[in-house]
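K.L.:
One structure coming up, written as structure tokens, with questions to follow.
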Amino acid sequence: MLAELPPTQKRGIALATLTVWACLGELAGMVISLEEFLGKPSTWHIAMGVPLIPLIPALYILARAPESPRYLFLENREDEARKALLFYQKGDAIDENGNRKKSDKTVSAESEKSTLAFAKERFKNGQFIRPLLLALFVQSFVHLDDWLWISYSTHIFGKFGMTMGTAQRASLFMSLPQAIISIALLACFESFTRRSLLLVPTGFSVLIGIFAIIAVNFGRVLSGFPIASTLAILASMDLSAAAVSGESAYAIVPELFLPNDKILGTAIVGIAQKYCVSIVTIEVFLFH
């Protein structure tokens, strides 16, 4: 729905907040998993239930909020759609009657087709396939690096000399800059091109990854610096870069598609990303 609800001029920032919430969620998870909080054997079940608490107000808000205006327009429920637009986009993009202004009209030419027929037609069209392939590559791979750090950092730090408690704290502090940068970037997100926000931090992340590999396999390069501490610093820098590229990726993907393809394309990319993460998890588990 984030690809449908915000006004066009604010859609990029709205989509970028997905990375912000992901970073904050990861940080919160690491905090409650510390032994000083709920990371003890006697309280682990409570830690598992804490993330469910925000779901209660979230469900209430979702139940009270109007349906997607785009969906209502496609269902020919125009009065409800106008009310929904006034609720979500009241301002410059909507006139006093609740109509979307001409520059941002919802396309409804395909409203009479079934979802399956519409999907089949789109997959025969290069105007859908080309941006879909690019979106799959961008969103599926831009998050792998930071996801692996988040998932396995405690184990990696412990493997190179940290105690379990110290490794947990290192993972927590590793995630702090990522959360701060992701929030700060929202204030100036539209001041940069999407390409620069994607390419520059990704290139920086590649360099950090190369240095981390060299540090692990050729420890003498560090000239006496502890490998575990060095990896924690590198991971923090890598995650910060990933936060920037991740925000750009979430904003880019819906923008690649034509108006009628936006929802279907974004949904496919989101599903593919989850499968990609699952496959990597299985591979890491099998070859560990």
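Note that Cβ sites are derived from N, Cα and C of the backbone, with glycine treated the same way.
Per TrEMBL, the features are:
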TRANSMEM  12-32  transmembrane segment
TRANSMEM  44-63  transmembrane segment
TRANSMEM  132-150  transmembrane segment
TRANSMEM  170-189  transmembrane segment
TRANSMEM  196-218  transmembrane segment
K.L.:
Taking a Cβ cut-off under 8 Å, which residues six or more beyond the ends of the transmembrane segment (12-32) line up next to it in the same chain?
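P.N.:
Distant contacts of the transmembrane segment (12-32): 2-3, 5-6, 38-39, 47, 50-51, 150, 168, 171-172, 175-176, 178-179, 182-183, 185-186, 189-190, 194, 243, 246-248, 250-251, 253-255.
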K.L.:
Count the Cβ pairs between the transmembrane segment (196-218) and the transmembrane segment (132-150) that lie under 8 angstroms and are 6 or more residues apart in sequence, then report whether there are at least 3.
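P.N.:
When sequence-distant Cβ pairs are counted, the transmembrane segment (132-150) touches the transmembrane segment (196-218), since at least 3 lie under 8 Å.
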K.L.:
Can you name the far-off residues of the same chain, 6+ from the ends of the transmembrane segment (170-189), with a Cβ under 8 Å from a Cβ of it?
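P.N.:
Here the qualifying positions are 12-13, 16-17, 19-20, 23-24, 26-27, 30-31, 34, 146, 149-150, 153-154, 157, 162, 197, 228-229, 232, 235-237, 239-240, 242-244, 246-247, 251.
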